[in-house]
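If you look up Swiss-Prot, you'll see 2-224 marked as domain 'SPX', on the strength of similarity to another entry. Residues or ranges marked as phosphoserine in Swiss-Prot: Ser667. Under the heading phosphothreonine, Swiss-Prot lists Thr689. The region 'Disordered' annotation in Swiss-Prot covers 671-695. The site 'Gating residue for phosphate transport' annotation in Swiss-Prot covers Trp573, and the record cites similarity to another entry as its basis. The feature topological domain 'Cytoplasmic' is assigned by Swiss-Prot to 1-228, 297-309, 384-388, 535-553, 626-695. What Swiss-Prot lists as topological domain 'Extracellular' is 260-264, 338-343, 423-429, and the listing cites similarity to another entry.
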Amino acid sequence: MKFAEHLSAHITPEWRKQYIQYEAFKDMLYSAQDQAPSVEVTDEDTVKRYFAKFEEKFFQTCEKELAKINTFYSEKLAEAQRRFATLQNELQSSLDVQKESSGVTTLRQRRKPVFHLSHEERVQHRNIKDLKLAFSEFYLSLILLQNYQNLNFTGFRKILKKHDKILETSRGADWRVIHVEVAPFYTCKKINQLISETEAVVTNELEDGDRQKAMKRLRVPPLGAAQPAPAWTTFRVGLFCGIFIVLNITLVFAAVFKLETDRTVWPLIRIYRGGFLLIEFLFLLGINTYGWRQAGVNHVLIFELNPRNNLSHQHLFEIAGFLGILWCLSLLACFFAPISIIPIYVYPLALYGFMVFFLINPTKTFYYKSRFWLLKLLFRVFTAPFHKVGFADFWLADQLNSLSVILMDLEYMICFYSFELKWDESKGLLPNDPQEPEFCHKYSYGVRAIVQCIPAWLRFIQCLRRYRDTRRAFPHLVNAGKYSTTFFTVTFAALYSTHEEQNHSDTVVFFYLWVFFCIISSCYTLIWDLKMDWGLFDKNAGENTFLREEIVYPQKAYYYCAIIEDVILRFAWTIQISITATFKPHVGNIIATVFAPLEVFRRFVWNFFRLENEHLNNCGEFRAVRDISVAPLNADDQTLLEQMMDQEDGVRNRQKNRSWKYNQSISLRRPRLASQSKARDTKVLIEDTDDEANT
């Protein structure tokens, strides 16, 4: 692998601009070589003057790059030293509290089960657990910084060697010895010391001297491109997807030849439609994950996943393929139910029962940690007013807004099984009389409207919670207003349908109100998508017309196509309303069934650019690992952090807002731990690029 490819594969994406610009240096060298005057045409002195002038410019650029790297390394090292001192303080506090409460000197001498502990002991146990996670993330940040150090030194060595080879000189090697090999980012070995001290603290204080267990906890995933999935996972993905395609073809033939024309299929379609949308969502999320990783968008950090253990795109494809097979088999079983001894109504219950069991399965199998993470996230989403809202929380709630059809179909399934299903018929899910009125359509319309509003309500109260935490009307209250338009749209749609069924004279009034609020909602959400969620139409976009100053994905056409797609699908309701008002209700149901997968696709496209925008915000803050602390932030710090996160133009301005940090000096007392021989004071000067600390 060429070094340029190696560098691109192993850099920390959030620090991309802080690495040596290796490709730019290569272009300079090759351009100088191509444009150099020929000795055959001009005299030798002219050629020498040309290369002397080029070398002066080249080494000036090298000096700027070296200064940039030194400054950034010094800042991140100072940040790491402060963080280490803070973690030691928190650890020492936990040790002191435990010694006072139990009289023991280590964390592992007390082995009572968690559910037998007192409230104070439970809090202490949770603090220790948080400390282990915090040290694990801190260790990862140290490895990233060490990797930054090594890659930049190797980059200088490679490009200066290439300089000497092209120009047939040794001045590049001399410059490296004089400048690079004495540069603070290379000579400072404090990062190695911090790594050793962190390993010692985790081993002696948190893992009771078990170094093997400590290093397993601190294990860092490969710092490079996505590692190839295990062979069996790849095999299962191919197998499941192949079977799923074959079963879908079989379903089409079965539907044509097995379904009777005198039976209505809408109950069956509405019961199985939600399962298909969920499978589509999982498959497209796998494509999202693959695309993020290829483009360098750090979704693991954005969602605050465990970098040592998370699902790859291959795993998501595998789950989607497996559930897709079950969905096809269940639907095929319904088609062939007359020749089976099992009643038709059992198959949907078995399918969705298995899906629920797969999610809540308490055994540590089938991606236990990922399923547990999702369950915790769902709990946080549905209890939004009582928790601080993070990115993953409102991202999942946004996904639910595009999957509201699943909730509506679930409500319909419960109603159908409760009131419409004829349990004594073998074809209970395929009623005989297509003209027979649908009891659930009338009985549960108010309930269906409430269910349809649930996802928007979740995002609405999340916005109110964020306003409560930050006291910033923009963007949180404005965003809440966006989701409130859904309530009006659904309400007037329900009133229109109800009054139309009863032939009320005021039906047309509710129809126009419904259309009016649909227009308001679509315009509101479209503007928010493009401007706030995606960060497009930036006035400082420069050559990226109508986009933003910095883009991650390689082709501008992706962005323009996404804008057009979002506009079309945000206003696709106009087709559905027109057809529903003109033709029979079942025609409207057909359109709704077609548009539901398209809305999932729209959210799939939205995900790419929403996470890109968040990734660029992290780049603006040079944030590469999760921020985990046992000690809670005070109100002022929390408000400041929220304001930085929500700043619309944060990618550019956050670096300006950081300037207040550079002239501070911070003195922190490191407490004495068993893994250290004596207490030390560490004074960190952030503006000092030689990284020497007074100890």
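A Cβ is built for glycine as well, from the same backbone N, Cα and C atoms used for every other residue.
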Spatial neighbours, same chain, of Trp573 (site 'Gating residue for phosphate transport') - Cβ under 8 Å, 6+ residues apart: Cys518, Ser522, Phe595
Same-chain residues at least 6 beyond the ends of the topological domain 'Cytoplasmic' (297-309) whose Cβ lies under 8 Å from its Cβ atoms: 13-14, 136, 140, 219-221, 288-289, 291, 369, 373, 390-392, 395, 552, 611-612, 614-615, 618, 623-626
Residue distribution over DSSP helix, strand and coil in the topological domain 'Cytoplasmic' (535-553): 0 helix, 0 strand, 19 coil
Per-region confidence, the topological domain 'Extracellular' (260-264) (mean pLDDT, whole number): 64
Residue numbers, six or more beyond the limits of the topological domain 'Cytoplasmic' (384-388), whose CB comes under 8 Å of its CB atoms: 397, 458, 461-462, 464-465, 469
